[in-house]
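> Sharing a structure here in structure tokens format.
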Amino acid sequence: MAAVFLITAAVVVAAAVVGGSPPATLTLERAFATNHGVEMSELRARDLVRHRRMLQQSSNGGVIDFPVQGTFNPFEVGLYYTKVQLGTPPVEFHVQIDTGSDVLWVSCSSCSGCPQTSGLQIQLNFFDPGSSSTSSLISCTDQRCNSGVQSSDATCSSQNQCSYTFQYGDGSGTSGYYVADYMHFSTLFEGSISTNSSASVVFGCSNQQNGDLTKADRAVDGIFGFGQQDMSIISQLSSQGIAPRVFSHCLKGDNSGGGILVLGEIVEPNIVYTPLVPSQPHYNINLQSISVNGQTLQIASSVFATSNNRGTIVDSGTTLAYLAEEAYDPFVNAINAAIPQSVRTVVSKGNQCYLITSSVSDVFPQVSLNFASGASMVLRPQDYLIQQSSVDGATLWCIGFQKIQGQGVTILGDLVLKDKIIVYDLAGQRIGWANYDCSQSVNVTATIGTGRSEFVNAGDLSGSTSLHHGLYKLTKMGLLAFFLHITLTCCSLFL
């Protein structure tokens, strides 16, 4: 290995001489003694600490990566979940990824009805505020509680305790109280610079659960709400300048499941965007029509119009997908009309099903959900059908879209969202998507204070793999990027 010399030098600053003043001289001191040999790894480690500090100071937030586990398949898991670390010392919790609610909550040590074990082969934990040295209760006078009250995410008790009660669409529910404590995560500022970060956030401590939440077969520690109200973690972190006001996911649709979940914007050339419907509590978008094999179905546009009890919602917490009642029969009839007459149709447990002996892609048509601003979501047969079983050498596939009697709501759940990049751009008030192989790498960007963008090639990102294995690029070569480039180039000469 070539010898490394750190040269002491005097730098003369060329400056205009005012009133005969002599040029200023700056002396550079040695970082290491001349008689002390320094390994290149030590130099790099020292520089990386400095780079982390510089990047943190120049940034309004980096890319935060959460691992993804689970599958959409209702016969296996039927949900996607991630891991979060809360408290001091940190305790790890498995929580369902839910874009249909706002609040992060986990089971509390005082919980009644909370499952003790999980069929998902994960360790369930309970948050104990008394065991965390940084935990504090949220009172009703706290501004954060007031924000939750305004969005119906919080209530106030006579004991001046900020609390909550949630009821979900499947009839399950939970109640508890709010605490503030640290969430721990890795923030990526540059491809090889991943720093352990933490932020004080408000989350729910569940002391009561009922319904499906109590069942052990697919029990998790809680729910991670990714809604856009003030109580959501994405809103809390972005308001602190820690993360951008955008998040993305790419959920794998095969049996192995998993995927990608980042606080940041996944960048892909084929992503199309449609505006969010303003002033809605959920991620509502304007569905305008449905096409089967390129033919638009005869469904009145008013069926999909957003109102108090109508509209189209994007919800990762829903396993299947649901069509407004008036749209369901025309949709199923169009599918039936498009398939060969040789396909045997059956009704199984009230669902329209089909027995086929060939590839589902060769038999069933392509479906397009057409949204405002000309954005279409193209569905393969696997995005609206569910494989159930095999009968006499044939495979049983059933319509995965369901109908809710008497309801005009359309809900796009994991059946539709899987195998797609989905971007929730809260700052731009839009949602984007593109069909994608979610086992592949993605590029992620986070807007920073200087106006530059950070791009991360997530490389091996899948399951529990972290973003810090990726490659970082800057769209503009600023001074900091130039410094990093020169530093890394020089260092590589000695490797």
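For all residues, glycine too, the Cβ spot is worked out from N, Cα and C.
Positions annotated as active site by TrEMBL: Asp98, Asp315. Look at TrEMBL and you will find 80-434 tagged as domain 'Peptidase A1'. Positions annotated as signal peptide by TrEMBL: 1-15.
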> Measuring Cα to Cα, how many angstrom lie between Asp315 (active site) and Asp98 (active site)?
7
> Can you tell me how many other Cβ atoms are located within 10 Å of the Cβ belonging to Asp315 (active site)?
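Result for Asp315 (active site): 22 neighbouring Cβ atoms inside 10 Å.
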> Take the domain 'Peptidase A1' (80-434) and average the pLDDT across it for me.
93
> Within 10 Å of the Cβ of Asp98 (active site), how many other Cβ atoms can be counted across all chains shown?
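Around the Cβ of Asp98 (active site), 23 other Cβ atoms lie within 10 Å.
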